[in-house]
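Asks: As annotated by TrEMBL, transmembrane segment applies to 15-36, 57-80, 86-102, 107-124, 136-164, 185-205, 225-243, 255-276. Taken from TrEMBL, the feature region 'Disordered' covers 421-480. Taken from TrEMBL, the feature compositional bias 'Low complexity' applies to 436-450. Residues annotated as compositional bias 'Basic and acidic residues' in TrEMBL: 455-470.
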Amino acid sequence: MEWGLEWLEQAGSGIAAALIQPFGYVAVLLVLLLALRQIRAERRLFHARLTAWPGRLLAALPAGLAVGVLVSAAVLFLGVDLNADAVIWLWCVSLLLGLVRLRFAAAAYGAGLIAFLQWLSGWFDWSGSPELIKRLAASLASFDAAGLLLIAGLLLPAEALLLWRSSRRLAGPVIVDGKRGRPIGGWRIDAVWPVPLLLLVPAAGTSAGAAELPWTPLFWSLGEPQGWTLLGLPVVIGSVWRTTSLLPAAKTVRAAKVLLWTGLIAAVAGAAAAQWELLLPAAAAAVPALREIASFIERSREAAASPLYAHEGNGLRVLAVLPGSSGAQLGIEPGEIVSKVNGTAVRTPEELYDGLLANPAFCKIELLNHEGHVRFVQRARYENEHHQLGLVLAPFEDAAYTVSGAPRSLIGLLPWSRPFRRRGGSAPEGSEAYMAAAAGQTAPEPAPAGADGGAPDKGRAANDAGKDAPDAGTATQAKN
């Protein structure tokens, strides 16, 4: 009983110390900035918002917390020699790497670089160096970088599990440039999670405030410590994925399989480095390299695949459906093809709009599902509904804006950065060329496509995400 109370006190102290650290809040801010970037892109591309930032946080934070509990429980039996300096080193290196590429901010890359720097610094004598260099070298040598590699290796299979189970709510539609410069639809999956860890570490200095452990950790070989305590270590795992050839769910499952196998190998490499010091440089290279291999395999598969979100001769391809809209209530899913509306074949947004006008009080839609089979959906229509049932169609040639697949670095997440670009070498908004075009001195740019991918003017006024569905109790059925 006394042992349990001691560890409850240690857990409370560790959680309180973790809440004081700014790094955990930086991890949450990263998820929020990714969500806001997606919202800005959707408003420009589709003139509607399909993503809600509270939903993104609710999808990412509980999942990251669950993984943090599992990995922390595993480390209880493994043991790592870390301290507060390790937390600072990991976050400083991760933020610097994130300025190069956003995915480099993940823990696997920072842990690998720190382990390599620690191994490299052991070959030099820093006694004659400036005071700052000596302090940095002493700080780097004060913890066991193999412990960071072990944790990073354990986090990679955990990331694969999160990608498989809980990343579908982190996806949003985009328009990108295809191989031949033609705009195509796709989905961007901001699969990034903040993971709070509470790690079992040896107590520093005296045994005051430390607790006894009734077992010896598996990888602990540095003698009996004065006691044990818990160290808070918030980390970021995940990456931004993009697909133009698969549904978001299929993309995450496929990517998770690759990441799981490479993650298991990385976990073995981290465990080997924790057990045998001579393997530290090899493991320092293997852990981030395996994470990069998983990303490279998926990028190669995506580049070789044919785009899914493009229109064919048999109808209009659905890219996304506005939440709460008529299309969502009908059960229309991304990737399906609208072939007929009220008996009228549709091949353009204008034909879709005219087909809906043929019977303003009712709509019957013929769809081709993901397997190519025909299915029908039908529903009464009401006033103030979205003029095209809330369907976001795959883009047409006149799409004015596209986005890159993901922000290249942390700089791209800042509020003043633009997550979209004009197509065809158009002058950016606000420039002299753009203002001259707006004044009529040159031909003006075509208007950006709406949520319908280029709806006629008579329906564009109704293209507002706030009019997706009628207010409960006030909707009146439209007259024929």
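Backbone N, Cα and C define each Cβ position, glycine as well.
All TrEMBL annotations are machine predictions without curation.
Since the structure is predicted, the reported quantities are computational estimates derived from the model, not experimental observations.
Looking at the shown structure, can you explain where the listed features end up?
Replies: Remote same-chain partners of the transmembrane segment (86-102), defined as residues 6 or more beyond its termini with a Cβ less than 8 Å from a stretch Cβ, comprise 21, 23, 26, 109-111, 113-114, 139-140, 143, 145, 147-148, 231-233, 235-236, 239-240, 406-413.
Beyond the transmembrane segment (136-164), the same-chain residues lying 6 or more positions past its ends with a Cβ under 8 Å from any Cβ of the stretch are 63-64, 67, 70-71, 74-75, 78, 80-83, 85-86, 88-90, 107-108, 110-112, 114-115, 117-119, 121-122, 124, 126, 129, 191, 193, 195, 197, 199, 219, 233, 235, 237-238, 252-253, 255-257, 259-260, 262-264, 266-271, 273-274, 277, 280, 283-284, 287, 290-291.
Here the transmembrane segment (185-205) has long-range neighbours at 11, 14-15, 18, 24, 27-28, 30-31, 34-35, 38, 56, 60-61, 63-65, 67-68, 71-72, 75-76, 79-83, 151, 155, 158-159, 162-163, 167, 170-176, 213, 217, 222, 225-244, 247-248, 251-252, 307-310, 317, 319, 334, 394-395, 403, 405-406, meaning same-chain residues at least 6 beyond its ends whose C-beta is under 8 angstroms from one of its own.
The list of residues near the transmembrane segment (255-276) in space but at least 6 beyond its ends in sequence, with Cβ under 8 angstroms from a Cβ of it, reads 78, 80, 108, 115, 144, 146-147, 149-154, 156-161, 163-164, 219, 241, 282-284, 286-287, 290-291, 293-294, 297-298.
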